[in-house]
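*Asks:* Provided herewith is a single structure, encoded as C-alpha cells, for subsequent inquiry.
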2 protein chains.
Amino acid sequence: MSTQHALLISLIEKPSSGYDLARRFDRSIGYFWHATHQQIYRELGRMAEHGWIAAEETDQGGDANGNAAPNGEEKKNRKKVYHVLPAGRDELVRWVLEPGAGLDQREEILVKLRADAAIGPLGLADEMRRLIALHQARLETYQAIERRDFSDARQDRGQQLRFALLRRGIRFEQDWVAWGNELMPLLAMPAGDRQD
Amino acid sequence: MSTQHALLISLIEKPSSGYDLARRFDRSIGYFWHATHQQIYRELGRMAEHGWIAAEETDQGGDANGNAAPNGEEKKNRKKVYHVLPAGRDELVRWVLEPGAGLDQREEILVKLRADAAIGPLGLADEMRRLIALHQARLETYQAIERRDFSDARQDRGQQLRFALLRRGIRFEQDWVAWGNELMPLLAMPAGDRQD
DNA sequence: CTTAGCATGTAATGCGTTACATGATTCC
DNA sequence: GGAATCATGTAACGCATTACATGCTAAG
C-alpha cells in the first residue's frame, strides 16, 4: 500500500507524468522504494479515482503555440501531468503518522550464505564479488550526490533531513562493502572441489 | 521463488513438520527471510510435488507404543515430517550459485522521512522512537545469540560463516540505532504545531 | 471442561513482475 | 526512412498477506 505514498511525495516535490515519475524514481525515492512503470500507471489511476490526484492533459512538449495537429480530436500522444489534491496530501500525512512494520529485511545473499554454511563450500566467491561491486557502485553514486547537493554548511530542516537519509544510505553501503570484504576469505574454494 | 530455498536449508539442518518450520523460522532464517505458516505449507506442498522433499506421516508425538487410537483409519492429527531428497539438494545448490538481484532495500520509514522533509514537520518523533526500540531489541537478541553460540575461539568453516551472518545483523542494527538517535533532534515538533 | 498449544489446511485479495501492445516525436 | 526515446497502457501470473476453518492433545 505504500507505493502510492511514495508517488504522492514525488508528485508534491514536482508534478509529473507517469513516464517522468518512472524515470525520476530510479534516481531519488527509488533508492529506497523501487517501482516499475506499470505499477506507477496503475497506482496513478487508482489515486485519481480516489480523488487524491488530478491530471491535466497537455499536448506533447515543445509545441507551445496552440496550432497543434491538424486532425484535432484524434491525438493520442497526450501527456498527463498529475498534481496532488488536498485529499492526497491528507492521505499522505495520515500514512506517515501511522505506525509501520519495521524490521523486514530480505536479502537473498544471506540465505545463500547460510546454505553455504550448511552444505558448502559451494563457490560463492564470484557472486559475492559481484554484489560487493554493486554496493560499491551505489556508494559512489551516493557520495557524488553528497558532494553535489550537500556541500553547504547552512541547510534548512528539509535539507538536513534529506541529508540524513543520504547518510543512512552511505553508511549502509560502506558497511556492506566492508563486511563483504571481510567475508571473502571464507568463500575461497579449495582447488579441484568444483561441483560441475 | 526463494522462500522455497530458505525452507530447504532449514530442512537440511533439521527435518521438521510445517508447524515446526513456522516456529523455527521466527528465530533463525526468519531474521533475514520471513514467511508465514500458509506460505510454508504451500511451498512444502509444491516442493513435494517436484520431488525435492518427502514426508513421513507419523502419529502425534509422545505415544511411542503402537496401540494408538482405537478408531484406526480416521486419525486426523497426523504429523508430516519432511526431509530433503537429493533433487532438493541439487536445486538448492543450483539456486545458490545463480546470480541474484542485490540492492533491493525497501524501508517504509525512509519514505516517511522524505515526506517529512517535503511537507513536515509532521511529528515523526514517536514513530522513530518506536522503531529505534525495535532495532535495539533485535540487536540485543543477536548479541545474546553471539554469547550463547559463538564464544568459542575454535570454529569450523560453517560456524565461522554463521558467525559472519550474525555479525552482519549486529552491525546493521547498531548502525540503525545510532543513525536513529542522531536523527531524533530533527524530528522534534515545535509546540502548538500539531496537525490534528 | 475449558483453554492453550499442536498441526494442517482453504479462500480471497492485492501487490509486484514480466510480457505484450500501441502510437507519436525527434534525431541521424 | 529507420532507430531511439517519449508516453501510456492491457493481460497474465505468482507470491505474500489476511481471514477463516478444522481437529486433536495436554494441562489446569
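Glycine is no exception: its Cβ is also placed from the backbone N, Cα and C atoms.
Model, not experiment: these values are computed from the prediction.
According to TrEMBL:
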type: COMPBIAS; residues: B:61-71; note: compositional bias 'Low complexity'
type: DOMAIN; residues: B:8-92; note: domain 'Transcription regulator PadR N-terminal'
type: DOMAIN; residues: B:106-187; note: domain 'Transcription regulator PadR C-terminal'
type: REGION; residues: B:56-77; note: region 'Disordered'
*Asks:* For the domain 'Transcription regulator PadR C-terminal' (B:106-187), how many residues does DSSP put in helix, in strand and in coil?
*Replies:* 68 helix, 0 strand, 14 coil
*Asks:* How does the model score the domain 'Transcription regulator PadR N-terminal' (B:8-92) in terms of mean pLDDT?
*Replies:* 80
